[in-house]
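Written below as structure tokens is the structure these notes are about.
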């Protein structure tokens, strides 16, 4: 007997989940809305209705990803290809897991899900049918099903009829691993992957982003091995078909800056770049909402309506939302299907080749200029450096801005060595004749953050070509080409030295930051190509 138009208990038994009598298969948004607001639910399962029509949920103590609890099974599939945390100079979160410990964790999750009423969502990761992953998500929590329905690409009825999953995600958020110490793991919580079984297991953390970023890590493994760029970036396209991609870590402005009324959105966070052009991995957006206002970010604000899902925001008794309240976390979020943004690429989230590549950084030191034009070598250097300030609350335990270097602007999600991503990106850029820029959305010498208004004007100047035609001067030490003036931008802020009481103050901070860049890049100098790029970085 097929249950709910899709799945039999016998199919779940193949994954180790038994005694399931009620499967809610690919639930509609209306059904999820009813399920989330069910008054009989308790704890983190229960949603709250807000005045904007969206349901808000609380993800518990995990208000961001837990990178220290991420593991990958080390076996014949992955041993010689994965970028391991315990090999080489590079620092990453890809900790090896033995097949035996994997079986134990799998047993914990399948035991948790067995005998329960389960939500099963089948969806695609990747807008290109040739390279997409067909993913099956299994959870006992309605809002987690809602999250993946928002964030991944929703199949048509015809596609569902022939759906065969390439990857299984079993979310056992309610279970933990009591044997973690004996197994040499970080804690009782776990986010584990097995490339041979094509499966992800989640235990202990309720944070929805573990499912989203888990599949991103898998695409980051599979695509570059086929010569396809896999990128932690947003992307949009202009009226003339000109495509721009925006790289950057969480909170640097990827979603905000790519959501532009003058351009159609391809996607806000994860993309591939193949022989046909740039394509989205996702079917939704996951926007930060801290200090969100309708005036500053109208597209995102207006996307928060029925079917959107808010996380960790403060909801007052009357259902209104206090977007300024970061007492729970600075990493408050909303997920929504991409069609909640009016100006999107339809019907499929993909476009042609990118001609503008923008690296977004939030410089906590106030040293880097608001914008600079990069040479080919500087493009590779700054891509591999991936400098930003880690912004409050996107990972557990980080509440103040601290400088960080994250290879390819997404080291946490890289499955291969960073140089492999740089090589693929450079090949794609060269073939398309693309130009790269470094844009600082962070702070300057005044201690204030560069305004969204100024940053938007800078992005406009990049996209309409006026920056390429502008006169430039060179910022010492970092050797960056800075425009002398740009339309709509306060000229005084273009040279970061002007925002300090004295040039010596900038010089002092610049030397500190330059040393951090140089020390960080040392890990790439063990190859001739990496050593050759040192000259493109800052010099003391």
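Including glycine, each Cβ sits where the backbone N, Cα and C put it.
Together with 65, 207, 213, Swiss-Prot lists one candidate of 306, 316, 333 for binding substrate, that being 333.
Neighbour density for residue 65 (substrate binding site): within 10 A of its CB lie 24 other CB atoms from the protein chains shown. Note on residue 232 (Mn(2+) binding site): other Cβ atoms within 10 Å of its Cβ, all shown chains, come to 26. Between the CA atoms of residue 250 (ATP binding site) and residue 213 (substrate binding site) there is a gap of 12 Å. For residue 248 (ATP binding site), the number of other Cβ atoms no farther than 10 Å from its own Cβ, over all displayed protein chains, is 27. Within 10 Å of residue 87 (N6-acetyllysine), judged by CA to CA distance, lies none of the binding-site residues 65, 207, 213, 256, 450. Those residues noted as binding substrate (65, 207, 213, 333) have their most widely separated CA atoms at a distance of 14 Å.
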